[in-house]
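Worksheet for the structure shown next.
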Amino acid sequence: MTFSPHNLPFFSLSFNLVVVALEEKIIVSKLGDNATLSCIYLGRDLHLKNLRVYWQIADDQEECSVVHALISGQDNESEQCIHFKNRTRLFWDRLENGDFSLLLLNVSQSDEHRYKCVVLQKTEYTRAIHQAEVVLSLAASYSQPILSGPVRNSDSTGEEVTFSCRSGNGYPKPNVYWINKTDNSHLLPSELKIIPDTNGTYSVFSTLKVKATSNMQIECSIENKILQENLSANYTQRKQSNGSSTESHKNLAKSGRGAQAAGIVSIVILIGLLAVLTCWLRKRRSSKLVSYAGNE
């Protein structure tokens, strides 16, 4: 019986084909990294010249589905998809031990597929001795979110204020949460934009409009489910007994500026006094010289 790489994912049971249990794994790789797709057979007495190993895309019916092929101990690139040319490697030192894992280089979003590994052995007849499926998911960490909050006066309680949160260089699309940390309640964003970047990652921008309170604690959280990452930024503003924290900061700034101005004025006055004293000493010295000259 002749096996075509194009129909290998769709084997039907026949007298010379043994259907084996299907191993399935999920691999998460970061964009641009190399990913290893696992396919390990635990049997013994393997001879490469009697083996055919096919790696294929199993989740769609594209014209080309061959990712990598090994026939009788040699790589066969005749039917390999052009997208995978020069990007796949087998681990040659592991093959005879039953490790048919595939190294996929420089992964991108277009590599997100369900892959199938089929190992055929030819002795008296050709039979499938091992199959495995690997789901490749791609991800990239988002940058630490930047949260901008309102600059308020002490009298702005009850007014509508706006927060903004941004992050970027992540994949796939994130979940964005706004949280009121005073009671851990979730707040609905006023705006949410997830923008694709030229390198295939995403940037996210969101705003939140709420009524100002005397004790605002707002959190913006960016969640990447695949990487199980949750990055957050916090905004806290408490109203103190002598006014809001914002006012306190303003007063401190004003005091600092006042002290700086006073220091500059003191220096100018000191320089002026030194100049006057220097002129007086010079005049006194000149008058003494004139007096000595008259006495002679």
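Each residue, glycine too, has its Cβ placed from N, Cα and C.
Note that this is a predicted model, so its numbers are computed, not measured.
Among the features that TrEMBL reports, domain 'Ig-like' is placed at 9-137, 145-232. Sequence annotations record features per position, and here TrEMBL assigns signal peptide to 1-23. Among the features that TrEMBL reports, transmembrane segment is placed at 261-281.
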For the domain 'Ig-like' (9-137), the number of residues DSSP places in helix, strand and coil:
14 helix, 58 strand, 57 coil
For the domain 'Ig-like' (9-137), mean pLDDT (0 to 100):
85
